[in-house]
Every structure is written in C-alpha cells, then in structure tokens.
Amino acid sequence: MTEAPPPLEAGRYRVALICLGNICRSPTADVVLTDRLAAAGLGEVVEVVSAGTGDWHVGEAMDRRSAALLTREGYDPTRHRAQQVRTDWLANVDLLLEMDRQNLADLQALGPATPERLRLFRDFDPEGTGEDVPDPWHGGESGFVDVLTMVERTADQLVERLRSVVGT
Ligand code: 4NP
C-alpha cells in the first residue's frame with residue numbers, strides 16, 4: 001500500500017501536481033483533488049498547486065476540452081492559470097506527483113529531491129498503480145474522459161493517504 005510521506009512542517013501539507021503543459025492533466029487533478037479535500041474537511045490543511053515542466057502555456061486558462069468536461073461533471077475549472085514548476089518547490093513541497101514518467105524524469109533532472117516526495121500520481125491509483133496518466137492533448141474526447149476517471153479514483157485514495165499523514 002502506498003503511503004504519503006510525512007509533512008515537512010506540522011499542521012500543513014503541500015501537494016504539487018505536475019504535467020507537461022499544465023493545461024490538461026495536472027489542472028484536472030488539481031480541481032478534483034481540491035474538491036475532494038474540501039469535502040473531506042482537509043481543505044485548510046492541505047494546499048494543492050499544479051504546474052507544467054514546459055513554459056508554452058504559462059498564464060493560459062485550462063484547455064477548453066478539459067474545462068468543458070469538468071464543468072459538465074460539476075467542477076469549477078475557471079480559476080486555473082498555467083504556471084511552470086519552480087525549482088524551489090523541490091525542497092519545500094511535501095509531495096510532488098508527476099502525471100507520467102517523462103514528467104518524473106524532468107523533475108529528477110531539475111535538482112535533488114527525496115525519492116519518497118517525488119512520485120508518480122498514479123502510485124496512488126487503486127487500479128493500475130504506477131502507470132502514466134496518458135497525455136490527452138493530441139487525441140480525441142475519450143482521452144479526456146479517461147484522464148478524469150483515473151484522476152477521480154486516484155484523488156479519492158490520495159485523500160485517505162493524506163488524512164493519515166496530517167492526522168486529521
Ligand atoms: P498536459 O497536456 O501536459 O496534460 O497539460 C499538454 C498540453 C500542451 C502540450 C502538451 C501536453 N503542448 O505540447 O503544448
């Protein structure tokens with residue numbers, strides 16, 4: 001069973017969700033995880049951010065296909081603006097979750113970070129543990145639906161793991 005690493009600082013926990021462009025996968029995971037944490041009463045303790053390894057979309061809103069799907073499913077995607085990952089997060093974020101192996105390799109290349117804090121998002125997926133979240137950007141609608149399905153069930157498991165380490 002995958003555990004979340006202990007907090008760097010008692011009473012708060014920071015999770016960063018990382019993909020390539022920060023307009024499809026990691027912002028989808030950000031919106032869903034933030035929603036689930038609030039529902040679990042952990043919204044004040046666990047802070048969620050997302051970012052891309054690339055800088056092409058910095059400042060942009062979410063991809064309109066991801067945003068439309070989230071809206072249809074009852075989430076609010078409108079607050080997102082893309083940003084690029086910051087190297088100082090490596091030492092100051094409790095858990096950096098990468099959407100795929102390339103994102104993980106890129107984060108590892110950025111600088112030293114504890115392996116237990118630098119992990120694949122789907123290490124927390126109760127189905128298909130350790131797989132990539134496939135990049136839906138070049139594909140059709142079904143890729144976006146698949147991403148949301150795996151993100152929702154992974155977020156549910158992640159909330160339980162976070163609850164254990166923040167002790168609430
Ligand atoms: P994301 O998807 O990493 O899930 O946000 C992508 C968005 C943009 C690009 C690639 C993937 N791009 O090449 O611009």
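Backbone N, Cα and C atoms are what each Cβ position is placed from, and that goes for glycine too.
According to TrEMBL, the feature active site maps to Cys19 (among others). Around Cys19 (active site), the same-chain residues six or more apart in sequence whose CB sits under 8 Å from its CB are Arg25, Ser26, Ser50, Gly52, Thr53, Glu98, Met99, Asp100, Asn103, Val133, Asp135, listed in sequence order.
The active site annotation in TrEMBL covers Arg25 (among others).
In the three-state DSSP reading, Asp135 (active site, proton donor) counts as coil. What TrEMBL records for Asp135 is active site, proton donor.
Positions annotated as domain 'Phosphotyrosine protein phosphatase I' by TrEMBL: 13-161.
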Mean of pLDDT values spanning the domain 'Phosphotyrosine protein phosphatase I' (13-161): 96
Where Arg25 (active site) falls in three-state DSSP terms: helix
